[in-house]
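Visitor: So that we are looking at the same thing, I have put the structure below in structure tokens.
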Ligand code: ADE
Ligand code: ZN
């Protein structure tokens, strides 16, 4: 099974680049930039990664991100992630970055974007990984601050492929950002939003009706609303689900209780992603392996999850057709019959 997963062409559609900061790189960048952290070594960093929910994780995640200062830091971070992707059979990535986490510390927007983009371009040439870049607004901040960030991004907007919404969900409903998302859509940018991770199913409806999202990030709490389940199955509006993230942040108490395969069997366009893999104990293959070993996912279901990611991606039709063929051929090589 693990060999089958390793060879399966995979696409990652829900990944925060700041969430790929491994403890060793965090400590190296802290030393390089003269930033003090409360940890002396990798082991004590990892020991701190015990979360009781999204908020306790976000506090460490923003602290970790404080070591990212120069364009080279953002390049090194992104390059390390892409190297992992290449080793794991990930062929396409659509990644989030949080400009406000950095501009609030005085790091120029162009420094952040420049380093990430240079690594993505180099990665595409050297590793063959295609990509899209999604700028996310922090939902614990105000809509005015999101508008100010959009203003800063305006001269660079042709280098950004979409808009997202992340950070603490409870008490920060999608509707809080209805005007800034309308402006982003007017500018021709597709929008997505985290919803239904810790927040209720109603936040998923808000993201759909008020923000007009192209995908929901997480969305697993849709299971609480039968009408929403029907809507998602009928429209195939994708959910980018993150199994290891959900168990580490206690959205589900254990992997055996995760609902992603139920959603798949009800006809929803669910996909598998790693969210913040440096903090949650694994990248794409670890997420697929957890589904296989702890939830009993079959090879056929894993292939369907990967095919869903092709459908949910922002790739061209020609690239989608090529990746569909590659996934189907991997399945056929292993005697897996796909409906
Ligand atoms: N930012 C980084 N990871 C996140 C998550 N899982 N939910 C909300 N905001 C995030
Ligand atoms: Zn996320």
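Keep in mind that glycine also has a Cβ here, set from the backbone N, Cα and C atoms.
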Visitor: Given that TrEMBL annotates 14, 16, 275 as binding Zn(2+), state which candidate in 92, 102, 194 belongs to that site as well.
Guide: 194
Visitor: What subset of the recorded positions 194, 197, 218 lies within 10 angstroms of residue 276 (substrate binding site) at the C-alpha level?
Guide: none
Visitor: Rounded to a whole angstrom, what is the C-alpha distance between residue 14 (Zn(2+) binding site) and residue 218 (site 'Important for catalytic activity')?
Guide: 9
Visitor: How far is it from residue 197 (active site, proton donor) to residue 218 (site 'Important for catalytic activity'), counting Cα to Cα, in Å?
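Guide: The Cα atom of residue 197 (active site, proton donor) is 5 Å away from the Cα atom of residue 218 (site 'Important for catalytic activity').
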Visitor: How many whole Å apart are the CA atoms of residue 218 (site 'Important for catalytic activity') and residue 194 (Zn(2+) binding site)?
Guide: 6
Visitor: Using DSSP and three states only, what is residue 275 (Zn(2+) binding site)?
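Guide: It is in a strand.
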Visitor: Within 10 Å of each Cβ, count the other Cβ atoms, then let me know which of the binding-site residues 14, 16, 194 comes out lowest.
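Guide: Selected from the binding-site residues 14, 16, 194 on minimum Cβ neighbours within 10 Å: 16.
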Visitor: Kindly point out which of the recorded positions 197, 218, 275, 276 have a C-beta less than 6 Å from some atom of ligand 2.
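Guide: Those recorded positions that pass the cut-off, since their Cβ is under 6 Å from ligand 2, are 275.
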